[in-house]
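Asks: Mind having a look at this structure? Questions to follow.
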Amino acid sequence: MAMARPSHTTTSLSLVVVALVFHWCQFLFETVLEFRQRTAIRKPSPPAALRSIFDETWYKASQSYALDRWTYRLIHSVYSTFETHLVISYELMPRVWNACATWAAASTYAVTPTAKEVLASIAFVFLLTLVSVVKDAPWGAYATFVIEAKHGFNKQTVRLWLMDKVKGLGVACVLVPPIIAAVVASIRVFASSAYAVTLLWAVIMAFQLLMVFLYPNFIAPLFNKYDPIPEDSPLRADIVRLAEKVSYPLQKLYVVDGSKRSAHANAYLYGFGKNKRIVLYDTLIKGFAELNEEDEAAKDQDESRNNEHVCSVLAHELGHWNHSHVIKLMVMSSALLFAQLQGYGLIRDSSVLFEAFGYHDHAALPPKPVLIGLLLYQLFSVPVDAFLGFLSNLVSRAFEYQADQFARTLGYAKELAQSLLVLQQSEKGSLWMDSWYGAYHSSHPEIAQRIDALGVVADSDKDFVQKLKRREVARRSGEDKKSA
Ligand SMILES: [Zn+2]
């Protein structure tokens with residue numbers, strides 16, 4: 001393409017090459033891990049400790065689900081790696097930025113250069129978000145309506161899926177402009193001071209804390225219905241008793257309608273201080289209830305058994321609270337953010353870097369836009385970010401073991417082990433994980449190791465194993481009926 005642009009110096013060219021090399025190295029490394037994981041998924045039978053629990057039909061189904069997702073991940077990562085390569089080499093982002101800067105420069109809404117930079121940055125993020133929503137839509141639709149549907153997990157309609165996208169964009173329109181304004185302003189106000197980057201860090205932290213309050217109260221209810229568990233239900237009584245036992249200040253107890261999107265199950269504790277809440281997925285409660293459904297005679301007596309399983313999952317979640325895992329993770333991530341922003345501080349005034357990637361100063365705006373500097377910094381922090389991701393998974397897995405041990409000290413070792421098996425069965429989760437792949441990607445240890453660490457022999461309770469097998473047969477015939 002014959003376009004007049006300032007000729008690249010050797011330094012600027014080599015900066016682009018370094019960024020591309022980082023990018024491709026990450027792709028190659030992660031692809032090697034994916035192929036190792038593929039070998040693990042394809043092992044002919046489950047781990048010895050779980051062999052008597054999961055039959056061949058289930059194991060084949062779990063392999064097929066894992067392999068479908070594997071192929072999808074690989075194709076998506078090849079696509080997005082090439083895409084990023086092209087976006088960098090053809091300087092597509094600078095073109096979009098230039099258009100936004102030219103528009104903001106002429107705009108009468110913003111008078112000062114900083115205000116013009118804020119306006120240009122908001123327009124830039126808005127355009128990129130729109131492009132990525134449209135670009136990602138076919139991928140998301142395929143994952144939901146083909147892969148998840150094929151394996152019996154998708155419960156959402158196309159209409160609900162589209163509504164989610166529209167609501168997501170709506171939330172972004174409200175939240176993004178003030179965040180960007182604060183980010184740009186914090187650097188510009190103290191532009192010449194050494195504290196500018198520290199101020200930026202404080203601003204981002206403040207927004208994160210604000211989100212802890214905003215998310216459960218205003219954002220999550222836009223997407224799901226949170227029903228309080230009725231005061232007189234036995235489940236509530238059991239949960240309250242458990243919370244009292246460990247002095248957890250239980251404020252709010254909800255069931256969320258996760259089933260309207262997918263059959264996957266979950267439970268979590270959220271919030272600080274007076275805002276603390278426990279949220280159970282309806283799919284989680286249903287999953288344990290199915291366990292005793294076929295057993296008519298034992299139904300009444302087993303209502304309490306269902307609750308024991310729900311409580312064992314909560315006992316694990318309470319372990320995270322008891323060990324202050326959320327706070328520890330927040331402190332860790334804020335320290336990392338601080339370090340990363342110091343990295344940005346080192347490059348934020350580098351003309352060579354901005355020029356190398358095709359960003360030229362605009363006369364009406366301050367030089368070296370803040371948002372662009374942050375984007376450029378990210379290109380070079382790829383290896384550090386990958387290493388930090390590995391570290392954070394390492395910590396997360398240690399926390400999972402700790403939370404399991406907390407449940408064990410409360411007397412839920414056996415119930416928790418059983419709950420893990422029930423969830424594994426419903427999720428068709430892969431029973432094998434390659435050690436490298438798990439170390440790099442996985443925030444949770446493998447199920448066989450977790451059960452082992454709980455001091456439980458997976459198939460020791462014959463009655464439970466029978467129930468689990470009956471449940472699987474019932475689920476399978478249900479799926480067959482639906483697909484017929
Ligand atoms: Zn956990």
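Cβ atoms are placed via backbone N, Cα and C, with glycine included.
Predicted automatically and left uncurated, TrEMBL annotations should be read as such.
Look at TrEMBL and you will find Glu317 tagged as active site. The active site, proton donor feature in TrEMBL is assigned to Asp404. As annotated by TrEMBL, Zn(2+) binding site applies to His316, His320, Glu400. Residues annotated as domain 'CAAX prenyl protease 1 N-terminal' in TrEMBL: 38-225. Annotation comment: TrEMBL describes 235-454 as domain 'Peptidase M48'. The transmembrane segment annotation in TrEMBL covers 12-33, 169-187, 193-215.
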Asks: Cβ within 8 Å of the Zn(2+) site centroid (His316, His320, Glu400 excluded): which residues?
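Replies: Counting only non-site residues, the set is Glu317, Gly319, His325, Phe399, Gln402, Ala403, Asp404, Phe406, Ala407.
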Asks: How many whole Å apart are the CA atoms of His320 (Zn(2+) binding site) and Asp404 (active site, proton donor)?
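Replies: About 9 Å separate the Cα atoms of these two residues.
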Asks: Glu400 (Zn(2+) binding site) to Glu317 (active site): how many Å between their Cα atoms?
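Replies: So the Cα of Glu317 (active site) lies 9 Å away from that of Glu400 (Zn(2+) binding site).
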Asks: Out of His316, His320, give me whichever of these binding-site residues has the highest number of other Cβ atoms within 10 Å.
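Replies: Counting Cβ neighbours within 10 Å, the top one is His316.
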Asks: Between the residue listed as 'active site, proton donor' and the residue listed as 'active site', what is the CA-CA distance rounded to a whole number of Å?
Replies: 9
Asks: Tell me which residues of the chain lie with their Cβ under 8 angstroms from that of Glu317 (active site), as long as they are six or more apart in sequence?
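Replies: Spatial neighbours, sequence-distant, of Glu317 (active site): Ala267, Tyr268, Leu269, Ile278, Ala403.
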Asks: Quick one: among the recorded positions Glu400, Asp404, which has the most Cβ atoms sitting within 10 Å of its own Cβ?
Replies: Asp404
Asks: Which of the three DSSP states, helix, strand or coil, fits His316 (Zn(2+) binding site)?
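Replies: His316 (Zn(2+) binding site) sits in a helix per DSSP.
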Asks: Look up Glu400 (Zn(2+) binding site) in the DSSP assignment and reduce it to helix, strand or coil.
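Replies: For Glu400 (Zn(2+) binding site) - judged by DSSP and reduced to three states - the answer is helix.
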